[in-house]
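Swiss-Prot lists 1-11 with the feature compositional bias 'Basic and acidic residues'. What Swiss-Prot lists as phosphoserine is Ser20. Taken from Swiss-Prot, the feature region 'Disordered' covers 1-26. According to Swiss-Prot, the topological domain 'Cytoplasmic' annotation covers 1-32, 161-178, 246-282, 356-365, 430-441, 496-513 (among others). Marked as topological domain 'Extracellular' by Swiss-Prot on the basis of sequence analysis: 54-67, 123-139, 200-224, 304-334, 387-408, 463-474. The annotation transmembrane segment is assigned in Swiss-Prot to 33-53, 68-88, 102-122, 140-160, 179-199, 225-245, 283-303, 335-355, 366-386, 409-429, 442-462, 475-495.
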Amino acid sequence: MGAYETEKPTKDAAALETQSPEDFDQPSPLRKIISVASIAAGVQFGWALQLSLLTPYVQLLGIPHKWSSLIWLCGPVSGMIVQPIVGFHSDRCRSKFGRRRPFIATGAALVAVAVFLIGYAADFGYKMGDKLEEKVKVRAIGIFALGFWILDVANNTLQGPCRAFLADLAAGDAKRTRVANAFFSFFMAVGNVLGYAAGSYTNLHKMFPFTMTKACDIYCANLKTCFFLSITLLLIVTVTSLWYVNDKQWSPPPRNADDDEKTSSVPLFGEIFGAFKVMKRPMWMLLIVTALNWIAWFPFLLFDTDWMGREVFGGDSDGNERSKKLYSLGVQSGAMGLMFNSIVLGFMSLGVEWIGRKLGGAKRLWGIVNFILAAGLAMTVLVTKFAEDHRKTAGDLAGPSASVKAGALSLFAVLGIPLAITFSTPFALASIFSSCSGAGQGLSLGVLNLAIVIPQMIVSLGGGPFDALFGGGNLPAFIVAAIAAAISGVLALTVLPSPPPDAPKATTMGGFH
């Protein structure tokens, strides 16, 4: 399909609020866009800590395995519900502080509350009656689960308005929109690197000796310390950005009495489903490609360190001491691989715009890197086979050879290339397509988020049972993920419309009819 043609929306087309014309004067200076994008570093620092430190913390609290998946499921569930709602209201917020800033500030405050509950769950549980000798600390688990859910809600409250704010600052300029999302992806990588580095340092708790208590061992103390650093970084970048970058107060466009009556009669989720009803073909294609892309990504994001511990190192979390140690070494190597992945992601994010131009556009770049993702996921089978062959000659508890370990870590690093595109291009295309169709940035990005979280829920619920059907291990899910990545690449190249070089400025629209 050729370049996406702008179609001026009609009154029946619905409708979703966007910026008024006076807010679309010129794109904001790059320094302001970078300032807002830097909030991603604070958000992602906390996410990296979750991945690197919460597993031993969960074991410390004694959360049963059958319930742990439900706790991790809260991310996509809260994303599916919270982000569209936040996007809806941020498109229509009339606060004197602007449309996006109140939500970003609220999200940052909720993150502070959440990490406090998570970090001090063991201490609060002990004060409320948990016994140190008990394996399962019920009260601490309840506090931890509450904090974990609040943290996911807070992150979704932050990220949607941040991306919508970047789209506002780009003022309908397609190139500036792509650059803004590339910087957002870059700062996500910065936050990841900082988080994984902090999580891998076992003596970080010495910065704050008070973090170690009778109920809180070294893992717990390190978690507290890391979260203190995380919230400090998040508050610094958030306060700086919200103070430095102006967010104009929004006023709804004039409507007649019939419009007001119809708008007020439509409930919130009517607006959300209405967005699907009036969505143009480019946005539908974007949702399909994005959903397939995340079916490909999420199994690896969930099981990458487990794959290192189980298939590459040959360990077992439920085996004997030597087997458990091998598994632990594999998980630590996986965390190192994630750091390499984040470093590559960061550098790739800075070059997304230039590389996209050289390859002929954003959709072509996305299609190509999806094939890189498919090849990388398929290579996990080869790395696993080499690791198994080495154990046949060196012994079951020998661990991987240096070449196998290097190959696995290289795989982590290479996958940082497609991940950088996944974190930037779909959001940039959603902003561009919504500007062309007149849809609100916040709600459009919230709808796009559904194409991300629904695949995550499917993988979270079905990944384990699917692997068990084929004898366990992580490879069955990785193979399906590779196939999904290849299909996503084909669709990105064939059915996804090319965005215009410079999208025209959005037109003001009335309420939903």
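Each residue, glycine too, has its Cβ placed from N, Cα and C.
In terms of DSSP helix, strand and coil, the topological domain 'Extracellular' (123-139) has 7 helix, 0 strand, 10 coil. Taken residue by residue, the topological domain 'Extracellular' (304-334) breaks down under DSSP into 23 helix, 0 strand, 8 coil. In this chain, the transmembrane segment (366-386) does not touch the transmembrane segment (33-53); fewer than three CB pairs sit within less than 8 A of each other, excluding pairs fewer than 6 residues apart. Across 102-122, 179-199, 335-355, 409-429, stretch 409-429 shows the highest tally of CB pairs under 8 A with the transmembrane segment (283-303). Cβ atoms under 8 Å from those of the transmembrane segment (225-245) belong to residues 28, 32, 35-36, 38-39, 41-43, 45-46, 49, 53, 101, 104-105, 108, 111-112, 115-116, 118-119, 165, 169, 191, 194-195, 198-199, 204-205, 207-208, 211 of the same chain, restricted to positions at least 6 beyond its ends. In terms of C-beta pairs under 8 Å, the stretch of 102-122, 179-199, 366-386, 409-429 lying closest in packing to the transmembrane segment (335-355) is 409-429.
If you take every residue in the topological domain 'Extracellular' (54-67) and average the pLDDT, you get 64. Proximity of distant same-chain residues to the transmembrane segment (366-386), defined by a Cβ-Cβ separation under 8 Å and at least 6 residues beyond the stretch ends, is recorded for 289, 293, 296-297, 300, 307, 311-312, 359, 401, 403-404, 407-408, 411, 414-415, 417-418, 421-422, 425-426, 474-475, 478-479, 481-483, 485-486, 488-490, 492-493, 496. Remote same-chain partners of the topological domain 'Extracellular' (123-139), defined as residues 6 or more beyond its termini with a Cβ less than 8 Å from a stretch Cβ, comprise 61-64, 117, 213-216.
Using a Cβ-Cβ cut-off under 8 Å and counting only residues 6 or more beyond its ends in the same chain, the topological domain 'Extracellular' (387-408) has close neighbours at 308, 311-314, 322-323, 326, 329, 333, 337.
Long-range contacts of the topological domain 'Cytoplasmic' (356-365) within the same chain, counting only residues at least 6 positions beyond its ends with a Cβ under 8 Å from a Cβ of the stretch, are 178, 421, 425, 428-429, 492-493, 496-499.
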